[in-house]
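S.K.: Starting off with a structure, shown below.
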Amino acid sequence: MTTVVLIGTQWGDEGKGKITDFLAEKADLVVRYQGGNNAGHTVVVGENSFKLHLIPSGILYPEKICVIGNGVVIDPKVLKEELEYLRQRGVTTANLKISLRAHLIMPYHKKLDELEEEDKGENKIGTTKRGIGPAYRDKAARTGIRVCDLLDKELFAEKLALNLKEKNNLLEKIYGVEGFSYDELYHEYLEYAEIIRPYATDTSRLINDAIESGQKVLFEGAQGTLLDLDHGTYPYVTSSHPVAGAACIGAGIGPTKIHEVIGVVKAYTTRVGSGPFPTELLDETGEFLRKQGYEFGTTTGRPRRCGWFDGVIARYAARVNGLSGLAVTKLDVLTGLKTIKIAVGYRFNGKVINEFPASLKELSQCEPVYEELPGWSEDITGARKLTDLPENARNYLRKIEEITGVPIKIISVGTRRDQTIILDQVF
């Protein structure tokens, strides 16, 4: 297969960074197609740990071309910081490419994100306050500023003036806070323009040419299926589309160019922020998973809510993404549990349902229907083939395949690249 889309099947934080890094070794291009710096991924190379939020994980391979596609919203300040961070760590960024059509996050987006969240009171949705939502809102309203606009001084000046007139009016008259200085923002962003300029290009053409020439392209999704604007637990979602179908729009390729879709699924379930979570564990088992899995957000540092594996969610993600394979992560975290539960359905109004409900009111009233499986105590972090795993661990994986109807192709048993079991080659 020459093109692979890698997506998260849960609420994000599934371990996509590690799997992307692992698959990037065989890819020629690694492409981010949606989201912004609200998505954090951690990659461990040997004894070194790299935390990235915007630049694709493939940047750690110096010969790979890494693309920030048109579907991504870019905070130039964060981009500058990540470029400097990587250079200080000895990582070259020469092969980074940025879409001319990508939209920019402006300081007023971040301020509005913060104020709007505070204004919701008890109805907060758990935004990261990075300005992602307001930036996508401007994109949909056709008032956003793109990379190509920033690189044209006159056009940028015109668009910034129009935006500031509206945004300062909103900040000052509705929220009662000070607006932004045109001169300060203009000169700050002109500096960013010169940082971005060497990387800016028509990435759609670049990616399509690569596919046509037989090169291997990995599309890296951010967040997860249940944070998708259409298919997630709305309104507790992100402002973009983490599902596989968005790779076409966010990278500028046609759907016939996609050959494989791999869903990254954690061996249990986690969530950051507000919203229903049927299998959430508020007991010592939940705390065990949080500590063993070090479940704290890369972007926010917030402790993640933890729960048992939810087969209803996994089955739903398999359908809306058209998954051809699964990559199961953090299997090692379950080591030491005597009994492991998997939700195979929900009980709602006295009936068992097998489909993920659209209504959050319904979802909040759903109780998980569990199947119990025996756990294992053996250390599996050194396993490199399926037969190295204890029988109970293999049975657990078979159950996931049975529930989802999707074959497992990759199993992660630790944070390092080498702590990976390959059942079927993706590239």
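Cβ from N, Cα, C; glycine included.
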S.K.: With Asp13, Glu14, Gly15, Lys16, Asn38, Ala39, Gly40, His41, Thr128, Arg142, Gln223, Thr238 listed by Swiss-Prot as IMP-binding, which of these, Arg87, Arg89, Arg302, Arg315, is given for the same site?
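M.R.: Of the residues offered, the record points to Arg302.
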S.K.: Are there recorded positions among Asp13, Gly15, Asn38, Gly40, Thr128, Gln223 that sit within 10 Å of Arg304 (substrate binding site), Cα to Cα? If so, list them; otherwise say none.
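M.R.: Checking each Cα against Arg304 (substrate binding site), the hits are Asp13.
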S.K.: May I ask which of the recorded positions His41, Thr128, Thr300, Gly301, Arg302 is closest to Val413 (GTP binding site) if we compare their C-alpha atoms?
M.R.: His41
S.K.: Looking at the recorded positions Gly40, His41, Gln223, Pro303, whose Cα is closest in space to that of Gly12 (GTP binding site)?
M.R.: Gln223
S.K.: What is the interatomic distance between the Cα atoms of Thr300 (substrate binding site) and Asn38 (IMP binding site), given in whole Å?
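M.R.: Each residue's Cα considered, Thr300 (substrate binding site) and Asn38 (IMP binding site) end up 8 Å apart.
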S.K.: Pick out which of the binding-site residues Gly12, Gly15, Gly40, Gly301 has the most other Cβ atoms within 10 Å of its own Cβ.
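M.R.: For the binding-site residues Gly12, Gly15, Gly40, Gly301, the Cβ with the most other Cβ atoms within 10 Å is Gly12.
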S.K.: Mind computing the max CA-CA distance among Asp13, Glu14, Gly15, Lys16, Asn38, Ala39, Gly40, His41, Thr128, Arg142, Gln223, Thr238, Arg302, which the record assigns to IMP binding, rounded to whole Å?
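M.R.: In whole numbers, the farthest two Cα atoms are 34 Å apart.
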S.K.: Within 10 angstroms of the C-beta of His41 (active site, proton donor), what count of other C-beta atoms is obtained when all protein chains are considered?
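M.R.: Result for His41 (active site, proton donor): 24 neighbouring Cβ atoms inside 10 Å.
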